[in-house]
């Protein structure tokens with residue numbers, strides 16, 4: 001790693017012989033000297049404990065998306081539909097928003113785009129600083145507090161006359177949720193590389209008992225384990241939370257009237273926010289404040305310098321760049337697909353809170369089974385991350401093909417009640433593992449010590465794609481008047497993305513590029529220190 005990775009203390013600590021472990025050019029490409037130093041060096045004060053890992057899982061159970069990602073959009077869309085009916089009658093789906101008359105679905109997609117555009121700016125500012133010092137955990141704590149406040153704020157918004165306020169909470173809530181998720185996720189490579197098993201493997205590598213490829217494979221599998229188990233545990237915890245929510249919905253009698261349903265949605269969002277707050281506390285307390293990189297200069301200047309270096313030097317990390325392109329395209333397709341299907345689903349179930357909760361229980365149960373199956377298969381046959389990622393990409397293509405059929409017929413293609421149940425099961429089993437494996441793939445192509453910066457850059461790309469896709473889909477719907485018409489665009493985008501990732505991304509080549517990149521960084525820092 002460069003100086004020190006997030007989650008690793010003194011990762012690049014000097015060895016007795018500073019030439020040990022250096023990477024040199026040989027006739028056959030990159031080779032290591034006879035006495036290698038493991039890429040990860042350890043300080044026992046920062047060894048990852050079992051309690052710390054479970055605290056990490058606990059935060060994810062709380063930040064499950066029920067609050068600001070699932071039910072807040074439903075609440076906002078429901079208020080839009082009620083306002084449209086109030087001003088134009090029961091068949092009206094048009095409201096004046098952002099300078100034009102738009103359909104409800106178009107307004108939701110446009111709001112998504114606005115939210116993601118704002119996220120890009122925030123990621124650019126925060127991401128460049130998060131790899132320095134020991135203050136990184138404070139970023140997540142502050143962002144989480146903002147998210148909690150938005151969640152509780154929904155208690156005051158449950159009438160159609162407040163639809164604009166609801167949209168505001170929806171937009172800001174998505175920003176807070178995605179930022180929290182990104183800066184929580186970026187910690188897992190450091191946690192994995194500070195575990196005792198990785199310390200033991202580092203010693204074996206330095207003793208010559210295992211090769212660098214074997215070391216990298218153990219490292220990759222450990223990162224996959226933490227990412228997948230976190231997702232699995234989160235899914236099980238979310239089922240319990242949803243079961244409690246069903247009881248709350250019955251107590252509020254949400255089926256009695258539209259007003260009761262509106263209030264039920266607001267209570268649900270606030271309740272889930274309270275659960276998130278309680279489950280986040282262990283991580284806030286137990287996360288070890290491991291030292292990040294030494295900025296070597298004023299931290300304000302260092303942040304901009306690191307961002308500039310990443311943007312200009314990523315061209316030397318060709319495999320990272322290739323994955324960045326594929327991640328952009330496939331993330332665009334998936335995010336927009338989920339939003340489009342979500343709007344169709346909400347119309348089918350008429351925004352009924354109880355039915356939406358039942359659907360989520362089915363979806364989350366399938367999600368738990370899906371991630372368990374993917375991880376079990378990967379562990380049993382020691383499959384690389386990219387193989388599992390490709391399998392998920394095929395599931396996304398099938399999903400878009402399903403929706404595309406609905407352009408030509410009302411009998412199939414997210415037009416029927418039974419389809420939303422099948423969709424939840426299919427999505428959970430075959431598509432939801434994307435949220436684990438896409439992040440592990442980011443860690444596969446990220447140089448050690450640059451995790452928070454690269455996760456921020458990938459999030460920026462993901463958010464850029466996520467506002468481009470909804471804006472394009474919104475324009476397609478406005479032009480055609482058919483809510484299923486974006487699936488033409490989405491199916492083609494998913495297929496092209498999959499083929500790009502399949503043929504152009506090579507993880508082994510990426511590891512070589514990362515090692516060369518870090519050696520150049522080390523030499524550049526040394527020259528700066530000597531005033532060269």
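Placed from the backbone N, Cα and C atoms, the Cβ positions cover glycine too.
What TrEMBL says about a protein is an automatic prediction, not a curated fact.
Here is what TrEMBL records for this protein:
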- 17-41: compositional bias 'Basic and acidic residues' (COMPBIAS)
- 1-41: region 'Disordered' (REGION)
- 107-127: transmembrane segment (TRANSMEM)
- 139-157: transmembrane segment (TRANSMEM)
- 169-191: transmembrane segment (TRANSMEM)
- 229-251: transmembrane segment (TRANSMEM)
- 263-286: transmembrane segment (TRANSMEM)
- 321-344: transmembrane segment (TRANSMEM)
- 356-375: transmembrane segment (TRANSMEM)
- 387-408: transmembrane segment (TRANSMEM)
- 420-440: transmembrane segment (TRANSMEM)
- 452-475: transmembrane segment (TRANSMEM)
- 487-505: transmembrane segment (TRANSMEM)
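Scored by C-beta pairs under 8 angstroms, the transmembrane segment (169-191) has its highest count with 139-157, from the stretches 139-157, 229-251, 387-408. Residues 56-57, 60-61, 64, 66, 188, 264, 267-268, 271-272, 275, 279, 353-354, 357-358, 360-361, 364-365, 367-368, 371-372, 375, 432-433, 435-436 of the same chain, all 6+ positions outside the transmembrane segment (229-251), place their C-beta atoms under 8 angstroms from a C-beta of that stretch. Residues 185, 188, 220, 223-224, 227-228, 230-231, 327, 330-331, 334, 338, 341, 345, 348-349, 359-360, 362-371, 373-374, 385, 388-389, 391-392, 394-396, 398-399, 402, 414, 455 of the same chain lie 6+ residues outside the transmembrane segment (420-440) yet bring a C-beta within less than 8 angstroms of a C-beta in it.
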